[in-house]
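Database features (TrEMBL):
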DOMAIN    1-198  domain 'Major facilitator superfamily (MFS) profile'
DOMAIN    226-416  domain 'Major facilitator superfamily (MFS) profile'
TRANSMEM  16-34  transmembrane segment
TRANSMEM  54-73  transmembrane segment
TRANSMEM  85-101  transmembrane segment
TRANSMEM  107-129  transmembrane segment
TRANSMEM  149-166  transmembrane segment
TRANSMEM  172-194  transmembrane segment
TRANSMEM  291-309  transmembrane segment
TRANSMEM  315-339  transmembrane segment
TRANSMEM  351-372  transmembrane segment
TRANSMEM  378-398  transmembrane segment
Amino acid sequence: MRHTPRAKTGLRENAAQFWLLMLMTGFIGSMVGLERAVLPKFAETTFGLNTHSAILSFIVAFGLAKSLANLVMGQLSVRFTRKQLLLAGWLFALPVPWLLIYAQNWWWVIGANLLLGVNQGLAWTSSIVMTIDLVGEKNRGMAMGINEFAGYLAVGLASFLAGYIASTTGEITFAFVPGLIFSLAGILLAKFVVRDTKAHVQAEAAISKVPFLASVWKDTTWRHINLGPVTLNGFVTKINDGALWGLLPLVLAAKGYSMVEIGLLAGIYPAVWGIGQLFTGKMGDSYSRKLLLCLGMLLQGVGIAALFFTSLFTLMLLSLATVGIGTALVYPTFLTLVADNTHPVQRSQSLGIFRFWRDFGYVAGALAAGYFSDNFGAEVVLLGSGLVTIGACVFSAVRMCQHPVTDVAQHQSRNA
């Protein structure tokens, strides 16, 4: 009887598929980036929305759809392959640019962002899980850094591209045209080129010493001494991202910045975030992941709060770059900590739950930002976000431990 050779994990052993997934992640990030610099202005100039709550409604729709898609993806991964879920995610992206280009009212934009959220939840989570499956444990931090670099560098570049197109053509809807190319490319690659990673999961599961979680939902959400703080910090990080996405272009416009300058400033934070992860991901393989997480949250908090105190272009640029560095430190660290503390068989479920709570921060951030900015001003919201982030840093420094994952289970709370 012939036995099929066991799949090998490792970056070098799976280089072609790894870099293909990085290209895929870049397309996924670009779909979001096209909106970041122009959609709040689109709401004001095209549809006459003049309250922050109304303008931020598209982020609520996006965040809610993405968070739920993450949760569903974790459950569906038990029944469907990663490749199938990746393709399904891209199919949801196909109508998005068409809806934005031909939007007749704001509900078209809301609908587009619901679909975009599902695309991001299914496709990006699948890309991340498949990347972890391929590389195994040795270079997990570096692989997550490269994955997030590809995605968020694409967010930054697409944000700048959208701002440039809108500024030079005078027509904001033209900024969404590249999305037609990105969505079609994603579908074709997912269908015909990307291979599934089921064999790699089986190979790692056979040798894994990580214990199974008693309750994936409870342990990932709050009970596990490391997973709980990681989930909280992911939630807070997305509160910040949602607030910056929705309010930063409006704050900059109120300060007299042009669309090109707004595109640059709105893009610098995700660009630094993306590029930085080339280095911070690898750092997670060599240094304390708890330290990287706490330092990153501190830098995020300080950088966002600093926006309250300045209107100078140079200082705004430095503050947003600081936020980008802080986010670069925590983003690959989040994913590697989840992977470190979960068995390979439960990994996709735990990552889906983590990303559900993390991306629900978009919803909480947008709702809070809309209410408080309408009543107290957008800059006050940014200051508040910074202070909350510093608080999350302190909490994690106190609660998390640096024990090996096989020992961490002994430190979990016994409360269900």
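Here the Cβ of each residue, glycine as well, is placed from N, Cα and C on the backbone.
Keep in mind that TrEMBL annotations are predicted by a computer and have not been checked by a curator.
Highest Cβ pair count under 8 Å relative to the transmembrane segment (378-398), across stretches 107-129, 291-309, 351-372: 291-309. Counting same-chain residues at least six beyond the ends of the transmembrane segment (315-339), those with a Cβ under 8 angstroms from any Cβ of the stretch are 128, 132, 140-141, 144-145, 147-148, 152, 220, 226-227, 230, 233-234, 237, 240-241, 244, 252, 265, 268-277, 279-281, 283-284, 289, 292-293, 295-304, 306-307, 347, 350-351, 354, 358.
Tertiary proximity for the transmembrane segment (172-194) is limited to same-chain residues at least six positions away from its ends with a CB under 8 Å from its CB atoms, namely 17, 20-21, 23-24, 27-28, 30-31, 34-35, 37-38, 41-42, 45-46, 83, 86-87, 89-91, 93-94, 96-98, 100-101, 103, 123, 130, 158, 161-163, 165-166.
Sequence-remote contacts of a segment are chain residues at least 6 beyond its ends whose Cβ falls under 8 Å from one of its Cβ atoms, and for the transmembrane segment (85-101) they are 24, 28, 31, 34-35, 69, 73, 76-77, 108-109, 111-112, 115-116, 118-127, 130, 173, 176-180, 182-184, 186-187, 190-191, 194. Within its own chain, the transmembrane segment (351-372) has Cβ neighbours under 8 Å at 51-57, 59-60, 62-64, 66-68, 70-75, 77, 117, 120-121, 125, 128-129, 216-217, 220-221, 227, 230-231, 234-243, 246-247, 334-335, 338-339, 342, 378, 380-381, 384-385, counting only residues six or more beyond its boundaries.
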